[in-house]
Every structure is written in structure tokens, then in C-alpha cells.
Amino acid sequence: MLIDQFGRKINYLRISVTQRCNFRCLYCMPKIPFDYQPKENLLSFEELFLFVKAAIDEGIEKIRITGGEPLLRKDLSIFIKMISDYKSDIDLAITTNGFLLKDFAKDLKNAGLKRLNISLDTLDHKKAKTLAQKDVLDSVLSGIDEALNLDLKVKLNTVALKNLNDDELISLLEFAKSKKAQIRFIEFMENTHAYGKLQGLKRDEIIQILSQKYQIQLIKKDEKAPVSIYKADDYEFGIIDPHSHEFCDSCNRIRLSAEGLLIPCLYFDEALSIKEAVRKGDIKAAVEILQEVLRNKPEKNKWSVVDNETSSRAFYQTGG
């Protein structure tokens with residue numbers, strides 16, 4: 001079992017398999033060029049899997065594959081199968097923008113993937129092109145349909161932004177309901193790589209908009225994640241509300257970047273590398289680094305909206 005110095009059980013590992021993305025979303029990585037790591041600096045899937053096996057043996061129970069856009073990483077389904085074959089009951093998920101999903105969903109399911117989160121910020125083609133700086137909507141919608149047709153469990157992620165998609169929150173909720181998928185509205189998380197003029201909606205503003213049509217009822221708050229679950233009449237949806245709902249006291253996660261950096265907190269600059277250890281096949285050393293990262297995991301993150309602090313690490317490096 002993995003326990004940090006504050007007594008928190010750490011059982012959730014988020015793995016960014018690539019920094020690359022085929023979108024240029026305003027809230028994440030709107031400008032180019034980027035400081036991508038050279039390919040040789042990235043851990044191979046075999047190297048990542050050496051660490052994943054050790055992490056599972058130490059107590060990791062949930063793994064999420066992120067990016068960048070993870071479907072840009074060649075042979076991702078092979079990596080998924082490695083993990084699934086090693087521990088078939090692991091809670092294994094992917095977060096994707098959905099653009100390539102139609103082509104890869106079947107392979108991912110056959111490899112053992114059971115669920116995924118898909119970004120969907122708008123149902124309007126013009127807005128989608130503005131947000132992603134690319135004509136993406138038809139491909140994303142096709143990817144959603146393909147995943148659902150394969151009986152993969154789908155959650156839709158929507159970053160709620162003022163003057164961009166705030167007039168679509170109800171229609172997005174209704175779209176998700178029609179697809180029998182859960183939608184999760186996300187408070188915009190400030191970071192130094194986002195377009196500077198963006199303004200996000202807070203939880204109460206999201207609820208206020210949805211309340212124009214629906215009776216909104218709080219069902220529960222997840223004590224291990226910044227998500228609150230609500231009902232709009234008979235439909236359950238989520239709000240990921242890091243501004244409004246501090247969950248540091250029960251945080252259960254660490255992050256691994258594509259180049260092998262173990263990151264204790266999204267809003268914490270310090271990180272340690274497992275690259276040398278796994279490339280030598282030294283699992284004992286990798287586990288010792290993991291334990292040191294847990295000792296370094298802060299009690300609270302350094303993010304304060306009041307103090308106008310933002311993340312200096314790009315989310316495309318860590319998966320958000």
C-alpha cells in the first residue's frame with residue numbers, strides 16, 4: 001500500500017504517454033512551436049510497463065492514460081493490453097479528444113479498455129474550430145458514437161468558458177443524456193500556456209445556467225477528486241470544481257510524464273525521474289523514487305486563484 005506523509009492512500013496513477021496533440025485548444029496549448037521532448041527522451045511502452053507493474057504491486061489500483069493526445073502514440077493498444085493482461089481488474093481508462101477515436105476504439109476495447117473520457121466543449125462547428133483551431137467536431141462526434149456502439153463506458157468532459165460555450169451548457173447536457181453518457185463540466189484551470197483572455201465559469205455559475213431549465217440537486221461530492229455529482233431532474237452529471245471544492249486532504253493521485261518524471265501534484269513544480277532506473281531495469285530503484293515522490297507530495301497544492309497563481313507546467317506534459 002502506498003501512503004504519503006499525511007496519511008493519504010495513493011492508489012491512482014495518471015500516465016501521459018505523449019506531449020503531442022492534434023488540437024490547439026485555447027485553454028491548453030494554443031501556440032506553436034512547443035517544447036516537445038525528442039522521441040529518444042520518452043520512455044518506451046516496455047519501460048513504462050516495467051514501472052506500471054511495480055506501481056500496481058505497490059498498491060496502484062487505477063490508471064488513466066493521457067497526453068497530449070494519447071491516440072497519437074503509436075501502438076497505444078499494445079500498452080493497454082500489457083496492463084490489462086498483467087492485472088485484468090485494474091481500473092484502466094483513457095482521456096482523449098476523440099478525433100482519432102473512430103479508427104482506434106475497437107483495438108482499444110479488444111486490448112482491455114473499458115472506459116474513456118472524451119473532450120466535447122461545444123456542439124457548434126464554428127465554436128469548435130475556434131476552440132481547437134481546427135475543424136474537429138464531426139470527427140469527435142463520430143468517435144463518441146463508435147465508442148458507445150462498442151459498449152465502452154463514456155464520459156464527456158466540457159470546459160465551461162464565458163462567452164464561448166456558456167450558452168450551450170444545457171444543450172451539451174441534453175446531448176450527453178441522449179447518448180446515455182455522463183457529462184462533466186470542468187472549471188477552467190489557469191495555466192501559463194492557455195490563451196490569456198479566457199475566463200471560466202465557476203461551479204455556481206454552471207448550476208445557475210442549468211437551473212434555467214432543470215431542477216438541480218447535489219447528490220454527492222467525491223472526497224478523492226474535485227468532482228461533485230448532481231441530478232438535473234432524473235439525469236446525473238458532474239462538475240469538476242477545483243476552484244470551488246478543495247480535495248487536497250484526500251488526494252489519491254500521482255502523475256508520470258512521457259519522459260519519466262513522477263509528479264506528486266499538478267500544481268507543484270518538483271518532480272523526480274524514473275528514466276535511468278527503468279532503462280537499467282532497476283525496479284527496486286524505481287520503487288524507491290516512487291516512495292520519495294510520496295514523501296515530497298505536498299499537503300496542499302500551490303494554486304490559489306485569490307493570489308492569481310497558475311500552473312507553470314504545461315498540461316499537455318502531464319495530462320491535466
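Here the Cβ of each residue, glycine as well, is placed from N, Cα and C on the backbone.
Feature annotations, courtesy of Swiss-Prot:
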DOMAIN    5-225  domain 'Radical SAM core'
BINDING   Arg14, Arg64, Thr95, Lys155, Arg253, Ile254, Arg255  GTP binding site
BINDING   Cys21, Cys25, Cys28  [4Fe-4S] cluster 1 binding site
BINDING   Tyr27, Gly68, Ser119, Met189  S-adenosyl-L-methionine binding site
BINDING   Cys248, Cys251, Cys265  [4Fe-4S] cluster 2 binding site
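Everything Swiss-Prot records as a feature, shown here on the structure.
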{"residue": "Arg14", "record": "GTP binding site", "Cβ neighbours (10 Å)": "21"}
{"residue": "Tyr27", "record": "S-adenosyl-L-methionine binding site", "Cβ neighbours (10 Å)": "22"}
{"residue": "Cys28", "record": "[4Fe-4S] cluster 1 binding site", "Cβ neighbours (10 Å)": "23"}
{"residue": "Gly68", "record": "S-adenosyl-L-methionine binding site", "Cβ neighbours (10 Å)": "27"}
{"residue": "Ser119", "record": "S-adenosyl-L-methionine binding site", "Cβ neighbours (10 Å)": "22"}
{"residue": "Met189", "record": "S-adenosyl-L-methionine binding site", "Cβ neighbours (10 Å)": "22"}
{"residue": "Cys248", "record": "[4Fe-4S] cluster 2 binding site", "Cβ neighbours (10 Å)": "17"}
{"residue": "Arg253", "record": "GTP binding site", "Cβ neighbours (10 Å)": "20"}
{"residue": "Ile254", "record": "GTP binding site", "Cβ neighbours (10 Å)": "23"}
{"residue": "Arg255", "record": "GTP binding site", "Cβ neighbours (10 Å)": "24"}
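Taken residue by residue with DSSP, Arg64 (GTP binding site) is part of a strand. Of all the binding-site residues listed here (Cys25, Tyr27, Met189, Cys248, Cys265), Cys265 has the Cα closest to the Cα of Ile254 (GTP binding site). Here the CA atom of Ser119 (S-adenosyl-L-methionine binding site) lies 9 Å from the CA atom of Lys155 (GTP binding site).
According to DSSP, Arg14 (GTP binding site) sits within a strand segment.
Here the candidates are the binding-site residues Tyr27, Gly68, Ser119. The one whose C-alpha lies nearest to that of Arg253 (GTP binding site) is Gly68. Met189 (S-adenosyl-L-methionine binding site) has none of the binding-site residues Arg14, Cys21, Thr95, Cys248, Arg255, Cys265 nearby, counting only those with a Cα within 10 angstroms of its own Cα. The Cα of Cys265 ([4Fe-4S] cluster 2 binding site) lies closest to that of Arg14, out of the binding-site residues Arg14, Cys21, Cys25, Ser119. Look at Cys265 ([4Fe-4S] cluster 2 binding site): DSSP puts it in coil.
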